[in-house]
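Q: Dropping a structure here in structure tokens format, bear with me for questions.
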Amino acid sequence: MSHLILLFSLLLAPAFADGGSQKSTQNLCSNDVSHKRQKRDWIWNQLHIKEEIDTPLPHHVGKITSSVRNKNAKYIIEGEYANTIFKVEETSGDVYAFERLDREKKAEYELTALIIDRTNNRSLERPSKFIIKVYDINDNAPVFVQKVFNGSVPEMSPVGTSVTKVTAVDADDPTVSGHATVTYEITTGGEYFTIDDSG
């Protein structure tokens with residue numbers, strides 16, 4: 001009799017163990033499913049455009065893209081000159097400029113991207129700010145800061161004596177190599193005077 005009880009308890013033990021592991025596996029699977037959430041996000045590189053582009057308008061600036069998958073999705077932009085200078089193609093997210101831009105007037109524009117459901121105008125993604133940078137071209141000549149610079153030097157002064165200082169400025173982007181660099185040259189009187197790059 002004692003052998004029979006022992007055998008019965010040994011047979012039941014694996015059944016309970018299997019049932020427990022099955023239950024824990026089921027719980028684990030259901031937890032995995034409940035914690036999975038589709039991540040949505042805006043995807044784009046920095047948007048930029050050269051100033052004074054001499055081709056027919058509009059000019060392509062870049063593309064705003066969301067990972068949202070919805071057949072009714074519609075892109076919208078808001079902010080500085082949105083829907084006047086800048087417009088977005090509502091299905092593709094391509095952004096265009098409808099005016100030639102001048103970096104010396106405005107170097108960057110801040111806008112906001114939105115994606116909505118066109119059937120009910122509900123937002124499908126949190127709005128996100130982005131900047132359109134206007135790239136410089138070397139289109140400005142240096143100008144002197146005043147019309148006349150007066151100078152004087154005592155007679156019999158040694159060679160190399162300072163006479164005066166002149167200053168010119170260039171409106172182009174100083175961070176772009178060579179665009180705002182100013183050099184000076186004497187066009188008449190060079191037999192008596194010299195000028196260096198500081199003016």
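Note that Cβ sites are derived from N, Cα and C of the backbone, with glycine treated the same way.
Remember, it's a predicted structure, so these values are computed and weren't measured experimentally.
The signal peptide annotation in TrEMBL covers 1-17. Annotation comment: TrEMBL describes 52-144, 145-199 as domain 'Cadherin'.
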Q: If you run through the domain 'Cadherin' (145-199) with DSSP, how many residues end up as helix, strand and coil?
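A: Across the domain 'Cadherin' (145-199), DSSP assigns the residues as follows: 0 helix, 2 strand, 53 coil.
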Q: Taking DSSP states H, G and I as helix and E and B as strand, how many residues of the domain 'Cadherin' (52-144) are helix, strand and coil?
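A: Going by DSSP assignments, the domain 'Cadherin' (52-144) contains 0 helix, 43 strand, 50 coil.
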